[in-house]
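One structure is given below, encoded as C-alpha cells.
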Ligand SMILES: CC(=O)[C@@H](O)[C@H](O)COP(=O)(O)O
Ligand SMILES: NCC(=O)COP(=O)(O)O
C-alpha cells in the first residue's frame with residue numbers, strides 16, 4: 001500500500017500568523033497518526049515561515065518509532081540567523097527519510113526538481129547522499145515528471161525519487177490530465193527500472209489522487225499538505241486523513 005505522509009507545514013503557517021502555540025503541531029501530528037497515516041512530512045525553509053528548527057526537533061522526539069519522518073528541503077541553502085540549514089537539522093534528528101529539493105530561498109513553494117542528466121546536480125548530490133546514508137536516513141530526490149537518467153542517481157546511492165506532481169495537478173484542474181499522467185507514469189517506470197522506489201507530491205488532493213494512484217503501480221509514498229489541511233477545515237483532520245487512506249487502498 002502507498003504510504004500517506006501528511007505535510008504539516010500549513011499548520012505551522014497558521015500558528016505563526018499569530019505567534020504562540022495554536023494550532024499545535026504535535027497535536028496535529030498525533031491526530032494524523034491516530035487516523036492511520038504512515039508518516040509526517042515537514043519542509044523547513046530558510047525564512048521559517050512555517051516549520052521552525054524547534055518544530056523539526058520536537059516532531060523527531062514525538063515520532064520516533066511510531067511513523068516515518070520525512071524532512072524535505074534544499075540542502076544548499078545557507079545557514080543564517082536562527083536557521084541552521086537542512087543538513088545541520090537532519091544530522092541532529094536523523095529522520096527516516098530526507099527529500100532533497102533544489103528550491104531557491106525566495107520561492108513561494110517548490111516548482112522543480114534536480115536533474116539526473118546534469119553533471120552539476122549529480123556532483124553536488126554525491127557527498128550529501130553519502131553522508132545522509134551514513135546517518136541512517138533514506139535519501140529521496142525531488143525530480144520533474146519527464147526526467148530520465150536515474151541510473152546516475154542510483155550510482156551515487158539515491159534510494160528514491162519524488163515526482164513533482166504540480167503540473168499533473170494543474171492539468172487535472174484544467175480538465176485533461178492524460179498527458180501529464182502518462183509522463184508521470186513513464187518517469188516512475190524509468191526510476192523503478194533503475195532500482196529506485198517512487199514517491200510523489202505537490203498539490204495532490206482528494207480530487208486528483210485517485211487517478212494518479214491508479215496510474216503509478218508500486219507508488220511507495222505520497223506526501224500531501226496544502227490541500228489536505230485545507231480540506232480538513234471542512235471535515236476535520238482525522239476524517240480527512242482517513243479519506244486519503246481510503247483513496248490509497
Ligand atoms: C517538495 C514539495 O513539493 C513540498 O514540500 C511542497 O513544496 C511543500 O512546501 P510548502 O509547504 O513550502 O509549499
Ligand atoms: N512533497 C510534497 C509535500 O510534502 C506536500 O506538498 P503540498 O501537498 O503541500 O503541495
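The backbone N, Cα and C atoms fix where each Cβ goes, and this holds for glycine too.
Automatic prediction, not curation, is the source of TrEMBL annotations.
Following the DSSP three-state reduction, the secondary structure of residue 203 (3-amino-2-oxopropyl phosphate binding site) is coil. Annotated 3-amino-2-oxopropyl phosphate binding site per TrEMBL: 7, 18, 203, 225, 226, in sequence order.
Residue 43 (active site, proton acceptor) has a Cβ environment of 24 other Cβ atoms inside 10 Å. Annotation source TrEMBL lists active site, proton acceptor at 43 (among others).
If you look up TrEMBL, you'll see 45, 50, 109 marked as 1-deoxy-D-xylulose 5-phosphate binding site. Taking Cβ-Cβ distances under 8 Å and a sequence separation of 6 or more, the neighbours of residue 45 (1-deoxy-D-xylulose 5-phosphate binding site) in its chain are 73, 74, 77, 103, 105. Residue 45 (1-deoxy-D-xylulose 5-phosphate binding site) falls within neither a helix nor a strand when secondary structure is assigned with DSSP, and so counts as coil.
As annotated by TrEMBL, active site, proton acceptor applies to 72 (among others). In the three-state DSSP reading, residue 72 (active site, proton acceptor) counts as strand. Take the CB of residue 72 (active site, proton acceptor) and look out to 10 A: across all protein chains shown you find 26 other CB atoms.
What TrEMBL records for 162 is site 'Transition state stabilizer'. Remark: residue 162 (site 'Transition state stabilizer') has 72, 99, 113, 140, 141, 142, 143, 199, 200, 201, 221, 223 as non-local neighbours, by Cβ distance under 8 Å and separation of at least 6 in sequence.
As annotated by TrEMBL, active site, proton donor applies to 202. Counting only same-chain residues at least 6 apart in sequence, those with a Cβ under 8 Å from the Cβ of residue 202 (active site, proton donor) are 109, 110, 164, 165, 166, 169.
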Take the mean position of the Cβ atoms of 45, 50, 109, the recorded 1-deoxy-D-xylulose 5-phosphate site. Which other residues of that chain put their Cβ within 8 Å of it?
9, 13, 43, 44, 47, 49, 107, 108
Within the set 7, 18, 45, 50, 226, which binding-site residues show a CB-to-ligand 2 distance under 6 A?
7, 226
Candidates near ligand 1 among the recorded positions 18, 43, 109, 162, 203, judged by a Cβ under 6 angstroms:
43, 109
Measure the Cβ-based neighbour count of residue 109 (1-deoxy-D-xylulose 5-phosphate binding site), defined as the other Cβ atoms within 10 Å of its Cβ.
13
